[in-house]
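A short write-up of the structure that comes next.
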């Protein structure tokens, strides 16, 4: 392609030279005609016209060459520019000199001046070409100031040449031989100039240099006619002058040609830009993406049709509006700030945010903001928005799906893992497999399944790999050995899957741990055995409870008979001596203890069977607990203990079962008195709030260890068996207390430290029962006194 262009350029160059040749021939015939018409009578009118026209075109040529040099910066053009400046100076002097000779009737000098000037001019040109060629890098890109300086220098140099030539012509010499040799040298030098230009631009044809070439060509033509004029004395000065005009008119024609070419090029570019803009608008209007441009004031100056289709309105309505009006309020200020910073810094950015479409629905858009520059200054930005709602939803669904997969993967009790077939590598494994292998996931990924197989298992897995690569599903049984050397029997199901390169090079495996099945069977047998033992224990416990209930009922009748006999003896007062009274009290006290035991067993049985009735009354609980505490004070003082009562309220009414509450308080006080050594203290603290009451019974007794605190509320259990002898008790008192409290919706807790005392805290809620009983105060008082004797009967 390049060679073809070069050949076309050279061909056009030769055509141009041929045209110039015929123009020169035409100039000769034209000059002959002018000579016949105007110069036969020796008139000076044509001479004056000739000099004026030559001077005019010399000036135009200089301006044209200067102008073109400023755009091209070519060193040959610099030479021609300086030559043109020199010609202007020379022609200026020549015109002035001619006018002087005309006024003095010495016109004959002009004829020789036009010949002699060519010698000095051409020698100067040759020197300029040589010097500039050797130092072309220095003169290649001159500033305007330096160009003006050199131009003025060569202008005055041209004037100086004219003066020297005028003085030189006045010498008396052989004019014809002198002119022949001088102009022969000039002709040779002009040919050298022509050859230099042809050599430089041959194969690099440029339109303007076509006209510069014409200048040099006509200059050679002119020099030939000067030599002919000298030899034949045929007066060819008309042809010489015409060729001079042609020589200097060529750059003027060239600059106009360049101007017209650039104008055509500019028009072509404008048309091309318009076509491109039209095509671009057609493309953007047919795009699904929305495109808009904004100025520095953040106002829209262009939108595409797709923008209107998505956000509503017409193009005209959007012009001058804010591009942020369609952005969701959650993101609006943030995106506006980012766009402002981008315009300030001249940087592009992309982001995602929510926008509101013409239907008022939220959509996700991906936005690309590209800054527009003109003359290295920011003038606005182009905003491309793409609806990515489907992609965002797909990503969210993918996340949900991945989460579900991960949850299933992690929660699956069977071994679940993914392997790469070539090269063999473990990619992922679930917690069940990680726990069984006794390694973390990072350690596990360093190995392959082959590292945990015996020789038989490795051989089996080679066959499995071949089948998986063929796309077959595989089921196999094999044994692996974990990090601790434990053997695990597996039944594995392999499914081939595609890797990230869409190649069948991965497999998903779901492996059942057969050892777990064995363990499950063993545990199942153990559980069955335990369940049978539990049933047997419950049956035994029920039988024991029924036995004690029956015994209690059976014992209650003889105890009542004994009580009746004791009361009868006390009434008759037959035992007046001290010894008889002592034994009577012992019999009475043990009868009370036996009644207490029987009552406790019966109540426990009723609670468990669901036959215990709730009997509520509206009472002042502060008064009940205070009086009960004061009633027990003699028992405490008898053991050398200090028993005190405290409360945050002096009066508080709520619905309670008085009988059950008295039994609970007395039981706990009985334990505190029994297990607190002489000199100790017991505090009963009542705390009242809107929800209910808290009763704290705190002592400085022997305390209870943390291990034994778990069993004190169990039936027939005591902290230490030795206590059953040192401190009389059946081991069911606290069990009954806990059952009664929970029966009425309350709770009890214990805080204790061995050898430092114990604190029991009871909470009883303030509730309004469905049924309220009327209580006989006299009967209640009598019952409470008897209850104190019974509950404290094991205190001596």
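Even glycines carry a Cβ here, placed using N, Cα and C.
Automated prediction, rather than curation, is the source of TrEMBL annotations.
Because the structure is a prediction, the values reported are computed rather than measured.
What TrEMBL records for 266-293, 511-540 is coiled coil. Taken from TrEMBL, the feature domain 'PAS' covers 276-346. Summarising the annotation, TrEMBL assigns domain 'PAC' to 349-400. What TrEMBL lists as domain 'Histidine kinase' is 550-768. What TrEMBL records for 12-33, 53-70, 77-99, 119-135, 147-168, 180-199, 211-231, 237-261 is transmembrane segment.
Summed and averaged per residue, pLDDT over the domain 'Histidine kinase' (550-768) gives 81. Among residues of the same chain six or more beyond the coiled coil (511-540), those with a C-beta under 8 A of the stretch's C-beta atoms are 413-417, 432-433, 436, 477, 488-493. With helix defined as DSSP H, G or I and strand as E or B, the domain 'PAS' (276-346) counts 38 helix, 11 strand, 22 coil.
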